[in-house]
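What Swiss-Prot records for this protein:
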BINDING   617, 642, 1056  2-oxoglutarate binding site
BINDING   681, 714, 716  Mg(2+) binding site
COMPBIAS  43-59  compositional bias 'Polar residues'
COMPBIAS  63-73  compositional bias 'Pro residues'
REGION    1-41  region '2-oxoglutarate dehydrogenase E1, N-terminal part'
REGION    23-140  region 'Disordered'
REGION    42-102  region 'Linker'
REGION    103-373  region 'Succinyltransferase E2'
REGION    374-1264  region '2-oxoglutarate dehydrogenase E1, C-terminal part'
């Protein structure tokens, strides 16, 4: 008998089958086989093995295979192995029968398990018996195809002298780490890792240390040789099921496995298995196997001695994974208590001619060591992108369960406190070699090991249980705190809030429905397609794209949707320019045509007002309709400048105004307008206004019931890396000051972002507090589209340039899970792109308008003529009476009582001082139904103890607000008016921004902010520059906020002197605001009332007095309130009410503010009839006509001076010195200045120097 083996070994049956198909129909065979099969020449399987039907069995042999042919293990009980599925365990495979050697001139049944059960041959080609023999007679059958190949190769294998090494290896570490790996894969890209993957990779790694195990024996020219292949080609035994249900074994090679990392090894492994099952293996896949892996453990075999085929040096058998036999009857609890783990037996059957027993034994020992090694699993975890440390092999700790109970409780607390440090939240993973870990979160730190995983401990109600296995405790903790969401909440002081969050974070999260997943995908499609479209159509134009952070769109959508679910009234969005156009299009619903028109520069002149602004600063509003509900909600986006975070307090003020208009109160049903604030990571950590605005969150005068903060954390600030941008661990640490929960979310997981967004709204509704969502993502391009970020962050952008977008990765995840088909995904994206293309083409066809210089907005709002601001005397009396209408039993402070009594007296008899004139103005507005809001530092009492708008009970601390009595008329009916007066925090930037926003949100309210001293207004300079002075011109955003800035030179030093008149005058243009420096209480009264009644929405800047508050000359008579109106230019009373002769005047001193009283006093002292003093009460807009009319009354004037306290380069002169001669050349040509010298500081730091300087001004003014 000739039994020379085929170079294809046990794969010979497959070659035969391919050849048969090729002869019948070449197109039925994969083209990769054609070249081989054309030259294929079948040869007889045996000398003479005629079957019962007279046919002869033949086998195939190739002419000259390029490499040694594969020689897989024979199909026997010990060696046949089905390649494990990715999620299978060894014991899950079905048993396989043992093959017997072929015998001469007789045919035996192939020992295939399914063949034995079915009574059929192991191959499709086996002939049936010619006649059915008697029941007790033997049956003969010719072996063909696979069965014949098995028989022949088993016989040939007897020529190989083999020996076998056996080693039992602890499997517990492999089991536990596989659980961690597969759970991670399940949450992310899908798929599973099998034990065979791990063992196979360990074998390849061990071969690198023992390359002799990869050699094979060969005779060359009749001489024995040991052949050392260039690479390790690991042969995998793969069990295939034919169409008739019969199973056959092929052995295909993972080529060059020694050059692969674990991820590449898995990909090659899965490719081989997939192509084997799809019938796509080629001849190349069967050639060159150098060492084989077979896994009979899948049927429970503890260990086997598989046959070694020619061309290989060793075959490794994997046995079943079992507890030691003596413990297989023990309970799980007993096994856990004893620390007993499962074992897996590996065998190394090797060619004893070239490999010795010691080498084989050391080889298995190395595999053993690798499968328990920290470094081995570290490499695997890093390759799979698992950010956590693997389970470590450590000796069991013998401490008592009672002692370990406390350690488990400590571990739970540690995860709640520090779990976020281990969370997988960075989509870039720039430090791919670093595991997310912390010593407090390591079980080893707590004296626990992998042997404790299956032991039960007391957990005191954790996750709804009193006792839990440590494995289950860790599963809950890691799912809650260490996945794609990191949570910080233990800094919150209120136990109820912590408990509420714990229950939701540690509870099982429901997976989104398929419909919800498709909706999330649609939002990502919209976000990405919008940016891609703009990038394609408007190359190089700045738009500050959202690319890399597209998850912002579904996250914002979820916030708004959940607000609608709670039946709230409105969501107001404030955000910087990054991604703003995307938000306008896909969240607010701004028409694409309008956005594209702005890119085209196609502006309609009839709609253009003022200077305008770049497209990524503009605001808009729309209505959001729930996708999975019946509610809708208004959505608005506030305009913003490029000054990052400056919009924060503005938006909060706007929201508070809307809430006050709804007037639902501080109740469960209140705060139905929700602020949604977007931030950048660098700005959130770096801009002080963030902390100022956060500080407003829980204050009575400022709270809005909780803001949802969404940080678009692209891990860079223009070119500044996080290490240079913040000293804290997170950019969000500043938010801990107000006890806000903080969620760090991986931007590559849109489902996690949506879940957190909804939770944030629920928390806000429950506790009326801020919530912070830190969405970690990246910036696909530079700070703008023309920037190259690789110049400063080369490593980061090496990663970003090769990174797939979140839309693509999420789409693949949905397709991989079978939630949607590829066609559905492509159709959805194509539909959205089609919409954009259609609108783009429509915009291109729109009428083009010639670009013209922008027009002033000044003419858009004109003060009505003859506006009456006087009031009836009875109303003044009623306000005076209100100051003494204290509640019964109320104890007024002994120093305040005289003030209240004096006010009642002034209301009836006159000589009204400044503070009371202000309260009279506000009181009349309240009585007329106006909401008046007054705030500032020390505003309720007044910096100079002048206002006392709120009176405090000396004994109980209760409050009494006299003007609130004006909210009802004399008959007790509500007027609709309100008086809201608050002391602000020690802030200017946020406080002024808030009041500006409030005035925008409620145009009908009278909103006033008072500085402690006018000097401190420069702390709010960004708000003044970006909003107050230019908001109307840039965005058409109207405000009539009032700033009260105490101003005046009184020797208190450079920081308690100036409200910086010069700066406001420099900013003034286009009627953008009214700037006034009134000098009488009555004129101040009428100024405020005119501002309230004129219907003009423009800010009012008032420089208010300090020492003049108590100047006995600075008072007003009752009829000045009942008969007069605001007068922008004032003459001396001696000319308007007395007998002063204007014809005697040769010198006019123009001035403003408190210095008027000093000039008058000097004039009277010297009896200077030749000098007249004219006050300009309104500095801007300059009252040109009124000023000219006043000057014309003095026909003999030959000298005109502008007199001011301020230095020459400050105050009104830098503006007036230029504009007055231009505006009224006939009146002001040659006008001269009298002031302090030009100074870099507003004033001298010495009161004595101040007095000398002040005297010099007066001396010069009245010099002969």
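Yeah, the Cβs are placed from backbone N, Cα and C, and that goes for glycine too.
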Cα separation, residue 681 (Mg(2+) binding site) to residue 1056 (2-oxoglutarate binding site) (Å, whole number): 36
Segment-level pLDDT (mean, integer) for the region '2-oxoglutarate dehydrogenase E1, N-terminal part' (1-41): 64
Least Cβ-crowded entry, counting other Cβ within 10 Å, from the binding-site residues listed as 642, 714: 642
Nearest-integer angstrom distance between the alpha carbons (Cα) of residue 714 (Mg(2+) binding site) and residue 642 (2-oxoglutarate binding site): 17
Collapsed DSSP category at residue 642 (2-oxoglutarate binding site): coil
Three-state secondary structure, which DSSP defines for residue 714 (Mg(2+) binding site): coil
Integer Å distance between the CA atoms belonging to residue 642 (2-oxoglutarate binding site) and residue 681 (Mg(2+) binding site): 15
Tertiary neighbours of residue 716 (Mg(2+) binding site) (same chain, Cβ under 8 Å, six or more apart): 682, 722, 778, 779, 789, 793, 796
For the Mg(2+) site built from 681, 714, 716, further residues of that chain with CB within 8 A of the site's CB center: 680, 682, 712, 713, 715, 717, 722, 777, 778, 779
Cβ-Cβ neighbours of residue 1056 (2-oxoglutarate binding site) (radius 10 Å): 20
